[in-house]
Structure formats: structure tokens, C-alpha cells
Amino acid sequence: MGSGFSSLLPCFNQGHRNRRRHSSAANPSHSDLIDSFREPLDETLGHSYCYVPSSSNRFISPFPSDRFVSPTASFRLSPPHEPGRIRGSGSSEQLHTGFRAISGASVSANTSNSKTVLQLEDIYDDATESSFGGGVRRSVVNANGFEGTSSFSALPLQPGPDRSGLFMSGPIERGATSGPLDPPAGEISRSNSAGVHFSAPLGGVYSKKRRKKKKKSLSWHPIFGGEKKQRPWVLPVSNFVVGAKKENIVRPDVEAMAASSGENDLQWALGKAGEDRVQLAVFEKQGWLFAGIYDGFNGPDAPEFLMANLYRAVHSELQGLFWELEEEDDNPTDISTRELEQQGEFEDHVNEMASSSCPATEKEEEEMGKRLTSSLEVVEVKERKRLWELLAEAQAEDALDLSGSDRFAFSVDDAIGAGNAVSVGSKRWLLLSKLKQGLSKQGISGRKLFPWKSGVEENETEEVDNVGVEEGVDKRRKRRKAGTVDHELVLKAMSNGLEATEQAFLEMTDKVLETNPELALMGSCLLVALMRDDDVYIMNIGDSRALVAQYQVEETGESVETAERVEERRNDLDRDDGNKEPLVVDSSDSTVNNEAPLPQTKLVALQLTTDHSTSIEDEVTRIKNEHPDDNHCIVNDRVKGRLKVTRAFGAGFLKQPKLNDALLEMFRNEYIGTDPYISCTPSLRHYRLTENDQFMVLSSDGLYQYLSNVEVVSLAMEKFPDGDPAQHVIQELLVRAAKKAGMDFHELLDIPQGDRRKYHDDCTVLVIALGGSRIWKSSGKYL
């Protein structure tokens with residue numbers, strides 16, 4: 001999670017670990033550091049990633065991206081912050097968020113397979129009827145991987161070279177340092193919004209958008225450290241997906257995802273490990289977080305579909321609860337009106353000059369140009385002007401001669417006309433008119449000259465209501481919904497989004513049933529946590545869990561006994577004994593102190609979710625009551641002998657008879673009746689955070705194969721706030737799995753994917769630091 005770079009340097013020298021334990025080792029040379037990145041990193045094991053909100057107090061210590069652009073290259077120097085990035089205490093945009101940082105880690109055991117159905121273009125749109133134009137229809141990468149915006153930092157998990165059982169992030173041993181690495185000195189942040197370095201692959205339209213913004217950032221931050229570009233500590237974007245072909249990498253529709261939020265402050269991340277998927281969406285300005293863990297089974301299509309569509313469906317349902325559209329001002333300001341009027345007058349003059357059959361003299365044209373440019377200077381316009389406007393504002397003598405060699409022409413006729421013109425001014429006005437008319441033609445249909453800047457597609461049609469809408473894209477900004485929130489409506493919105501998403505998935509399964517009947521076998525458990533301020537909304541299906549680590553008062557027998565003795569002593573002092581002098585009590589006597597001793601506190605794990613599996617007697621009873629005619633609905637502690645979970649997303653072969661009948665006989669069940677054997681009805685819960693809550697743990701069921709709730713919280717606390725808690729929990733999981741199998745830690749990791757599923761399941765862990773806790777040092781804070 002990005003510890004200070006000065007504390008990471010000793011960990012590079014892997015050949016002298018024993019010597020470093022007894023004496024401080026010298027810092028390795030720069031060439032040695034570069035050589036440590038020569039070997040490509042294996043991404044099949046998993047990833048470690050973190051997120052730190054850009055709204056955190058940056059005066060405590062610099063962010064990694066800012067720390068390496070200081071003039072003195074000092075890693076501890078707090079750089080001058082960008083204007084507008086720091087919100088004052090009285091700013092209306094400064095919001096209180098219930099979380100401080102996110103630590104995540106994923107480890108895979110199953111083989112990562114490609115999706116069965118690759119094209120889902122119009123299915124989700126028909127099911128959800130979303131006003132945002134459908135869901136994010138594509139996935140993240142072709143294999144185990146992680147992708148996110150600049151506020152997220154990630155690197156693949158690697159075992160230590162000395163077979164010590166400790167993780168590494170790349171060439172750095174993760175047992176000594178936690179979290180992803182920081183960029184090197186002189187490396188300029190490529191983020192234009194969050195100010196945190198980027199260490200995951202980024203492609204598609206979003207990558208082009210960020211590269212265009214890079215020029216602006218270069219103008220503000222000079223490069224220090226020589227002309228030669230230093231190799232970044234994190235892997236380059238092109239080499240992040242090791243061994244993957246570029247054409248096989250499928251990127252998420254980031255523009256559509258950003259459009260659903262309506263703001264540029266959306267920070268997102270998508271990751272996969274085996275059949276597990278993780279999705280994070282953070283709205284920094286609106287102050288809420290969406291975190292989803294999707295634990296798939298029998299194939300990747302169900303969790304992929306959830307990762308592509310569930311967030312957008314829930315976000316659409318939350319309109320009016322968490323966010324709302326800003327109404328456009330119907331009465332523009334006087335300045336804007338004057339600008340439009342002056343531009344209209346200027347265009348009229350240009351048209352008159354271009355269509356005039358009697359060319360004016362150079363002196364008259366110069367005077368006219370002065371009058372036009374002086375009229376435009378009445379109001380200072382900060383907006384960028386068109387090319388023909390800038391050229392027309394220049395003086396005739398100082399302006400660029402557009403016809404010096406008669407080469408500047410839009411056509412052959414223009415060149416001939418310019419050559420026959422009487423004066424240089426006439427040539428210039430003729431060409432400016434052509435340029436202006438050319439730009440005007442682009443705006444006839446109401447679309448801009450560069451449609452890719454605004455995401456306008458050619459196949460979009462203009463809607464009837466044009467208020468704030470251009471080419472089918474709603475230009476109104478989305479803002480945080482003020483006022484109190486009805487928690488029941490929020491939970492209902494989450495449930496509606498899930499219902500619409502599953503309906504779309506089952507419809508897709510039915511459409512491709514003849515060609516891909518195996519899609520009916522695929523399903524997924526899911527866990528979604530929605531946080532807004534101090535309110536947490538949990539939705540789960542299956543056996544994934546959400547825990548809250550909190551301190552509670554531990555009432556021991558000793559503390560109760562001490563309180564009773566104090567009360568008895570006070571009663572004795574209050575008795576009036578006339579035969580004796582009043583008793584003088586020393587205030588230093590702790591036994592009669594008015595204040596009782598502070599109670600002892602203990603860390604407990606509060607489970608916010610409900611398990612849906614055959615291990616829960618209520619779930620088994622429910623299924624048997626729903627299928628009284630089927631005596632074999634639960635076989636071998638599984639639903640129809642197939643699934644351990646009693647509720648799941650997808651898995652249509654246990655929900656619809658026609659989907660079950662399409663399967664091969666070896667996979668087909670004896671379906672009695674038409675009622676589904678498993679449901680997609682989620683468990684919903686609202687929880688209000690308190691000052692005693694330290695962090696929240698979200699994880700798939702693979703974690704609880706070897707760890708209990710209390711052990712998970714205790715392990716996370718060992719590396720909290722000074723380490724990487726999520727990765728520490730994952731490491732302990734693998735250690736216990738290896739110990740149970742009677743093998744070494746590295747022997748377990750040497751087992752290829754697929755075969756390793758015999759010893760442990762795919763596992764994804766998210767540790768969310770809450771507002772009442774300290775943020776861990778490895779996330780870029782020096783406390």
C-alpha cells in the first residue's frame with residue numbers, strides 16, 4: 001500500500017537478508033534496482049491493491065505522486081498543492097465519508113477461463129431500460145488482473161525468493177513492506193484528478209482521454225533528475241498483463257461507466273482472481289462508495305455479467321436517493337448574452353466581407369478589423385476561441401499572412417480566387433470566411449467537430465426534450481442528494497437493481513441456450529456494500545461475508561467485583577457514627593475514588609451478512625417446504641446434490657425447468673414442478689457506523705474455509721494501521737491451507753491453478769478503514 005520509499009530500499013537486497021537483520025545494509029545502486037524489474041511478474045497468483053481518497057488530509061504527508069516531483073527530490077517534503085485541490089473547512093463540497101482507505105488482496109485457485117458469451121450488446125439495455133444507454137458490456141483483462149483509475153494502486157502477489165513463505169509485491173518482499181510500490185523520483189503523476197500514481201493497465205477510450213490531459217500536467221510540473229526517463233518502480237502499462245496479447249485484452253466501457261456517474265470524480269477498479277470478481281466505485285465529491293465481490297461457480301460468465309451491469313443498475317435505482325440531476329439555468333447571465341450577440345455581429349461582418357463583390361481597400365479593412373476586434377475585447381472571455389476567430393482578431397499588419405505563397409486554400413477555386421484578389425486583406429477575409437463556413441457545417445446537425453471528446457456516437461438520435469440534451473447525451477451534471485435518506489428505499493433500490501440484472505442474465509441464457517447450454521450451469525454469489533457517510537447498506541446472496549471490527553466493553557468478574565467493593569466502602573463512609581470522629585479519607589486511596597476503573601475493551605467481529613447455505617437449518621427447511629413433493633431436494637448436504645449455497649445469482653438450471661432440460665443428461669436434474677430450487681432473494685441490512693468501529697472486512701467464502709470471523713478481524717488488526725491487512729489475511733489463509741495438506745507454503749504455490757483448488761478456494765478480501773480509525777501508514781501517510 002505504498003510505504004515511504006526510504007523505508008523500502010533495504011528490502012531490495014534479497015541476497016543479504018540475514019545480514020540486514022543484524023546491521024543496516026547500504027542502499028543498493030540504481031542499476032541494481034532497475035535489474036530487479038527485468039524479470040516479468042507472474043500475475044496468476046493474485047494481486048494486492050489499495051485506495052486512498054484524494055480528499056484525505058494531504059498536509060500530514062505527501063501523496064506518492066506528489067512526493068517525487070519536489071525540487072530537492074526529497075521523499076519527505078510536502079510539495080505545494082495544486083490550486084483548487086484543497087477544500088477549505090467552509091467549503092460546501094467538503095463531505096464527510098465513512099471510510100478512510102481501502103486495502104484489498106485476491107488470490108486465485110481455479111483456472112481462469114474466457115467467457116462463453118462475448119457479445120452482450122443489447123440484452124442488458126432491454127432488461128433495465130437504463131437512461132444511460134446500457135451497461136458496461138465488457139470485462140477487465142483476459143486473465144487474472146486488476147485495472148483501475150489513478151487513485152488505485154496494484155501489483156501482482158509474488159512469493160519470496162528465499163522460500164520464507166512471505167509475499168512480495170514484485171521484487172520487494174511483502175513480509176517486510178506492505179502494499180503496492182511507489183513511483184520513482186522524477187516520475188510525473190499521470191493523474192489529473194486524484195493526484196495518486198497509477199500502477200495498473202489502462203486502455204481503450206479512457207486511456208486516450210488521460211493521455212490528452214497529460215500535456216496540461218507537464219506544463220505545471222517540470223521534470224527533475226535529468227533527461228533520461230527513469231524506469232518506474234511499478235510495471236509499465238504495456239507489460240502489466242504478462243503474456244497477454246493486446247488484441248485479446250478486453251477493456252471496460254469506461255466512458256459509459258463515467259457517464260453513469262455524471263462526474264469526473266468517479267474512481268473505479270475492477271479485478272479478478274480465478275472465478276472471483278471485485279468491483280469498486282468511489283464517488284469522492286458525492287461521498288459514497290460501492291464495493292462488490294462476486295464469487296462465481298461453474299464458469300466466469302455470471303460474475304462477469306455482475307461486474308459489468310450490477311453497479312449501473314443500482315446506480316440508476318439510486319437516483320433521487322443518493323444523487324439527482326442539476327437543473328440548467330434557463331436565464332443565462334448578461335455576460336453570456338453579450339458574448340453571443342457580439343459573436344453574431346462578428347459573423348455578419350465576415351459574411352458581408354466574404355460576399356462583397358467590390359473589395360475594400362487595405363486601409364478600410366484594417367479599420368474594420370480594428371473595430372471588430374475592439375468590440376470583441378469588451379468582455380474578457382476565458383473560453384477557448386475558434387481558429388477563424390483568433391485569426392480575425394489579429395491586426396492586418398501583424399497577422400499571419402495566409403496567402404503569402406498562395407498555398408493556404410481549401411480548394412482549387414479558393415486558391416484561384418485568392419490569387420485574383422486585389423489585396424492581402426481581401427485574401428485573408430476570403431479564407432477566413434471559408435474556414436468559418438466549414439466549421440459552421442459541422443454544427444448543422446448539432447454535433448461538435450470532435451465527437452470523441454464528448455463521447456457522442458454516430459448512431460445516437462436527438463431526443464424530443466432538448467433541454468440540457470445534445471445528441472441523446474444528458475448534459476446535466478449529477479450532484480449529491482441533500483437531506484435525509486430513507487434507508488428502506490435505498491435497500492429496495494439495491495434489490496431492484498439486482499433483480500433487473502438477473503432477469504437480463506436469464507434472458508441472455510435463454511437466447512443462447514441452443515449454442516451454449518452450459519451457461520445455465522453458471523452462477524455466482526455476491527456481496528455488495530454501499531457506504532454513504534456513516535450509513536452502510538449490505539446486500540448479499542450466498543456465503544460471502546461482511547464483518548465490522550469494533551471495540552466493546554469487556555465485563556470481567558474482576559471489574560464487577562471492584563465496583564461492588566467501591567460501592568460498599570462508600571456506604572460505610574456515609575454512615576453516621578456518633579461515638580466516633582468523622583472518618584477522614586485520603587483522596588489518593590484508589591479503593592474509594594469517585595471514578596470507577598476504566599473497563600477493559602476487546603475487539604469483536606460483528607457479522608452484517610446472513611449465510612445462505614445448507615449449513616443453515618432455516619434455509620434447508622425453507623427449500624423443503626417449497627418442494628413438498630420432492631424428497632431429494634437436499635442430497636449430500638447440497639441442493640439437488642449440486643450446490644452448497646441455497647441462494648445464488650444465475651444458475652438457471654435450478655430455477656427454470658426449460659434451462660435444466662437443455663443440459664446434457666449428466667448435468668440434468670430431476671426437476672419436479674416449476675418452482676425454483678434456489679432463489680436470488682438477497683439479505684439486506686442497514687448499519688450505522690459508530691466511533692468504536694475500526695474497519696470493515698468484505699470477503700468471499702474461500703476465506704472462512706480456514707479462518708473464523710474473530711481470527712479474520714484479529715489478523716487484520718495485526719497489520720492495522722501499519723501494514724497491509726488484506727494481504728496479511730490472504731497469506732495466513734495460504735499458510736493454513738498448506739499446513740493442513742502437510743506441505744510447505746511454497747509447495748502449495750507451486751501447484752498449478754485448477755489443481756490447487758483441491759486445497760483452497762479463490763479468495764478476495766477488502767479491508768475498509770472507517771472514519772473512526774487511524775489510516776495505515778503504508779497507504780502514504782506518515783503518522
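Residue numbering: from 1, along the chain as shown.
Using the three backbone atoms N, Cα and C, a Cβ is placed for every residue, glycine included.
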In Swiss-Prot, the entry for phosphoserine among S54, S103, S199, S433 points to S199
The residue range that Swiss-Prot labels region 'Disordered', out of 151-194, 327-370, 459-502, is 151-194
Swiss-Prot records D295, D761 as Mn(2+) 2-binding residues. Which of D265, D701, D724 is assigned to the same site? D701
Output field, Mn(2+) 2 shell: CB within 8 Å of site CB centroid, site D295, D701, D761 dropped: D276, C525, D543, S544, S700, G702, L703, Q705, D762, C763
Write down the Cα-Cα distance for D761 (Mn(2+) 2 binding site) and G296 (Mn(2+) 1 binding site), rounded and given in Å. 11
With every protein chain in view, what's the tally of Cβ atoms within 10 Å of the Cβ of G296 (Mn(2+) 1 binding site), excluding that atom itself? 29
Distant-in-sequence Cβ neighbours of D295 (Mn(2+) 1 binding site), under 8 Å, six or more positions away: E275, D276, P303, S524, C525, L526, L527, G542, S544, S700, D701, G702, D762, T764
What is the Cβ neighbour count of D761 (Mn(2+) 2 binding site) at a 10 Å cut-off, with all protein chains included? 24
By a three-class reduction of DSSP, D761 (Mn(2+) 2 binding site) is assigned coil
